[in-house]
Structures are given as C-alpha cells and as structure tokens.
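I have placed the structure first, in the form of structure tokens, so that the comments after it can refer back to it.
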Amino acid sequence: MHIAIMSRNKNLYSTSRLKEAAEARGHVIKIVDPLKCYMNINMNAPSIHVRGEELPKFDAVIPRIGASVTFYGTAVLRQFEMMGTHPLNESVAITRSRDKLRSLQLLSRKNIGLPVTGFASKPADIPDLLDMVGGAPCVIKLLEGTQGIGVVLAETRKAAESVIEAFMGLKANIMVQEYIAEAGGADIRCFVIGDKVIAAMKRQALPGEFRSNLHRGGSASIVKLTPEERSTALRAAKTMGLNVAGVDILRSKHGPLVMEVNSSPGLEGIEKATGIDVAEKIIQFIEKNVKSTSSKTKGVG
C-alpha cells in the first residue's frame, strides 16, 4: 500500500517508528507536513499540493497532528478523506477529542467515569464552581493545554480563586476538576487500537509534582489493568470515534476515571515501558481495515 504519514517532523520517534514498521511490511511511505500542504477543493477532482506538486493517491493516511495545528491539520485530513484515502483516525473524531470540554460531556453521556468537572465564564460563579468539585485542593486546566502545560494544582481555596480569576482575566477558557488524592500522582495510559487495549503503562510524577506526563519528567512502567479499566478505555475511545487512542485513566476509590482521550498518542513511552511493538500493530490494523475507503464517522456529537 501507499501510506501517507501526516507529521511536521520526520525525525520524531513516533513518526520514524511508524515509517520503519510500514516499510518493514512492504508498504511505500511518504511523510507529509500538513502545514506545507494546500488544497484544491472542487466537485470533480479534489487534490492536495506541496510546493507546486500534486500529491499522488494514497491508500491510507496516518494523522500525527499536534494540538497547535489542529485546525489546519484536520482540514488537510478532511481533504484526504474527500479524495477517498482511508484515515487511521477520522478528522471529525480528532476534532471531537481535542475539545476537552466537549469530550468530557460526551463521555459523561455514556456514563463513563470522570472526575467531577466545573466550567464557567464569570468570576461571580467561582465560589459555587469550587463547591461543585469539592473545594480545595482542586485542579485547574486550560482547555487548550497539552503535555501538562496549563495545568495547576490549587492547594487552598484562596489559591484556586486567584488562579481562576487570573485565567478569566486573560480570557482563557478553563475547567476546574476535583483532585483525586488517592491516585498518588500517577495515571495509566491505555493504548487502544480498534477494539483492544494492546498496551498499558503507569506514569508516575516526580516527587513534589502531580502531573505525570513523561514530557514533565514522569517515569513509566508496565502495569496490569483490571477488567473495568480495560472496558473503560475501550468505551472512551469508541465514544470519541477513534480507532487509535491513548486513554489516560486515574485509579480512584470510585473506580477508573478518564482524564483525557488522546487522538495522537506518542509511541516512545509506551514502547519502551512495555517492549511491545505498537507501531507494527498500528500498521497491521490499517492492513485489515483499509479495504473500505468509505469514511464513516463513528461516535456521537
């Protein structure tokens, strides 16, 4: 097959591993920087161009779209879809999962475990908002943040009020969540492909830090999932309509709670922690599913 990988940097671990795994299985790979693409949108022969050249027809496309280029990246992916290229994850599913508030609303509708979350636009609502999530300590998150950036643990009510007021003063969209103390600064990344959790790792924050993201110095180790955790991860990915997803779960006294569903999960941490060839499993999934070029939107909302 001819497969395009949408990525801004061919040297990134995930991009290079996917290319390596696909070529090892006999496929022809082209890495396409979505920001270098421009589109001809018409009713007869829609096309994508880079530097004056029209891109050839691809059988499948693997989107590795960073959060900062979601708008343009998903526009390019939609164009691939219009041209009949099979997407690993569909543009509508990626857009859905990138909206943190919308994704939590969709998950709650499916009765999937979540931390209690509050959202408001007016400073006058802050006291009631904090009461909703159980007071301090609480977690305040920028809706546009990634990799733990824009996430604040407010340990006192006064600190929470000050941080929320500051963010609101900057016209930033934020949500406030209950702090799950029993998680102990750890979360679980479940790597979902299709209808299976093919790998899972526990990410532990550094001492004195509550964000367990590996980009923030957290450590990763292999973990055994409970049946409920496995089921929660699969249901969360399905609700978003994602074929491949990284589902982040906290272990709480109320059972597993979903923090986020990532449409472009990194491969380095999970492959090194578990020893599983995740890249090859993604390519195998494409091989089994690319026969149907009709793009069907999964999930609701």
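The backbone N, Cα and C atoms fix where each Cβ goes, and this holds for glycine too.
As annotated by Swiss-Prot, domain 'ATP-grasp' applies to 104-287, with the evidence given as sequence analysis.
The ATP binding site annotation in Swiss-Prot covers Lys141, Glu178, Tyr179, Asp187, Arg211, Ser212, Asn213 and is backed by sequence analysis. Of all Cβ atoms in the shown protein chains, 24 besides its own fall within 10 Å of the Cβ of Asp187 (ATP binding site). Under DSSP, Asp187 (ATP binding site) is assigned to a strand (E or B) in the three-state scheme.
As annotated by Swiss-Prot, Mg(2+) 1 binding site applies to Asp248, Glu260, with the evidence given as sequence analysis. Cβ-based neighbour count (10 Å, all protein chains) for Glu260 (Mg(2+) 1 binding site) stands at 19.
DSSP gives Glu260 (Mg(2+) 1 binding site) a strand state. According to Swiss-Prot, the feature Mn(2+) 1 binding site maps to Asp248, Glu260.
Sequence annotations record features per position, and here Swiss-Prot assigns Mn(2+) 2 binding site to Glu260, Asn262.
Residues or ranges marked as Mg(2+) 2 binding site in Swiss-Prot (evidence: sequence analysis): Glu260, Asn262.
Comparing Cα positions, Lys141 (ATP binding site) lies closest to Glu260 out of the binding-site residues Asp248, Glu260, Asn262. Averaged across the domain 'ATP-grasp' (104-287), pLDDT for the predicted model comes to 92. When the CA atoms are compared, the binding-site residues lying within 10 A of Asp187 (ATP binding site) are Asp248, out of the candidates Asp248, Glu260, Asn262. Cα proximity to Asp248 (Mg(2+) 1 binding site) (within 10 Å) is found for the following binding-site residues from Glu178, Tyr179, Asn262: Asn262.
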